[in-house]
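Q: Below are the features I grabbed from TrEMBL:
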TRANSMEM  83-104  transmembrane segment
TRANSMEM  110-129  transmembrane segment
TRANSMEM  150-171  transmembrane segment
TRANSMEM  177-194  transmembrane segment
TRANSMEM  229-251  transmembrane segment
TRANSMEM  257-279  transmembrane segment
TRANSMEM  286-306  transmembrane segment
TRANSMEM  312-332  transmembrane segment
TRANSMEM  353-375  transmembrane segment
TRANSMEM  381-398  transmembrane segment
Amino acid sequence: MQSNTPKKQDAPWRNRDYLLLWSGQGLSSLGDVLQDVPLPLLILALTHSPAQAGIVATLQKLPFPFLSLPAGVLIDRWDRKRVMIICDIGRALAAGSVFLAYWLRHLSMPHIYLMALVCGALATFFTLAETASLPNVVSKEHLPAAMGQNYATSIATGIIGAPLGGLLYAFYAALPFLLNALSYLISVLSLSTIRTQFQQVRQTTQRNFRQEIQEGVAWIWRQPLVRFLAFRVSAGNIAYGGSTLILIMLAQNLHASAFEIGIIFTIDALGGIAASFLIEPLQRRLSFTHITIGLGWVAALLFPLYALAPNIFLLGLIGALMSFALVIFDVTQLSYRASIIPDSIFGRVTSSIRLLTVGAISLGAAIAGIMLQLFGPINTVYSFSAYLFVLALLTTLNKDIRQAGSLSETEMTLEEDTQVG
């Protein structure tokens, strides 16, 4: 009987099923970004109301906190590949319906509201299923490289997609929605041709939702290192969630134009892309402990430099270094987590952690906005820097982080504790 587990020698660029998954999701991600700028522009053209654009943006994010935990349970019950295909078909229909309604001159705000809610709900299921599927498509030793490539693709599509979406909107307002729908259909095609199963054989018995959610949370609580990392990443995301707004305010203090602010974020993004290609060699040379503690201090020491930057180039350069550190830190802890979570509860564990980490980003943006209003950008930078310093210190003092050693050693140490029970 042929095993579904990827062979150790199948590096991401030689792994047929990973390449199909990566390319399909890369195109789908580009389609999403193509739609990001045109959607509020289309709403403003229809209603002349920024409030309506804000409502739609909220509706896109609204399903996540309500559906994340139930979706985790269902992802562990259902066929993950089928879930992803159904989600992509649903999102293709939703995006395509906007194009069709616009072409027929029947597009309305209730239609857009429904599209936003449907896409937000399906994205919650799709993202969890994709995350849970990756350890079944790529071997443990190549997870960091695969996740790094996924990060690079996400950042690159963001750089390319936003201006391209604006150009397509200028050509025909609904065209980006049609192309987004087509990108989802291409993703469906790529998923359909993947041979690897996206989950291991599991028990068919089902318990009630609350019990299954509690099982995922209980597993996290029994793993001290996973538990600490979940709270550490969430706490860090509060600072990083506010960094975009802080950078914009600092750039405005330097009298930067909108175009120059765009350059700052482009330089910032290049740091993340560079990091994604260096993750695997860095993890071979540095231990999990060194990366986790060291990059915490790098962020704490870099962040206050924002307040001292005399021009937009240095603002962008500091941002690029921050992005470099953040991507390596994120992929290191994500690949560690993905390598030890039992497949049978992967969806529930991941959804519980993401509820904390993603929610922290929104909280950070809100905190930054209030602090910028009350204290100004310079004092806000120093306050966030002190906060990052405390996080770096707590990480350094944590005995589970200090004793983790290398990623492979950590996996071996915890392997016997990863059974569900």
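Here the Cβ of each residue, glycine as well, is placed from N, Cα and C on the backbone.
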Q: Where among 83-104, 229-251, 286-306, 312-332 do we find the most Cβ pairs under 8 Å to the transmembrane segment (381-398)?
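A: The stretch with the most close Cβ contacts to the transmembrane segment (381-398) is 286-306.
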Q: Of the listed stretches 110-129, 229-251, 257-279, 286-306, 353-375, which one has the most C-beta pairs under 8 A with the transmembrane segment (312-332)?
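A: That would be 257-279.
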Q: Between the transmembrane segment (286-306) and the transmembrane segment (229-251), are there three or more C-beta pairs closer than 8 Å, counting only pairs 6 or more apart along the chain?
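A: They are in contact.
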Q: Thinking of Cβ pairs under 8 Å, which stretch from 83-104, 110-129, 353-375 has the most of them with the transmembrane segment (177-194)?
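A: Selected stretch: 83-104, with the most Cβ pairs under 8 Å.
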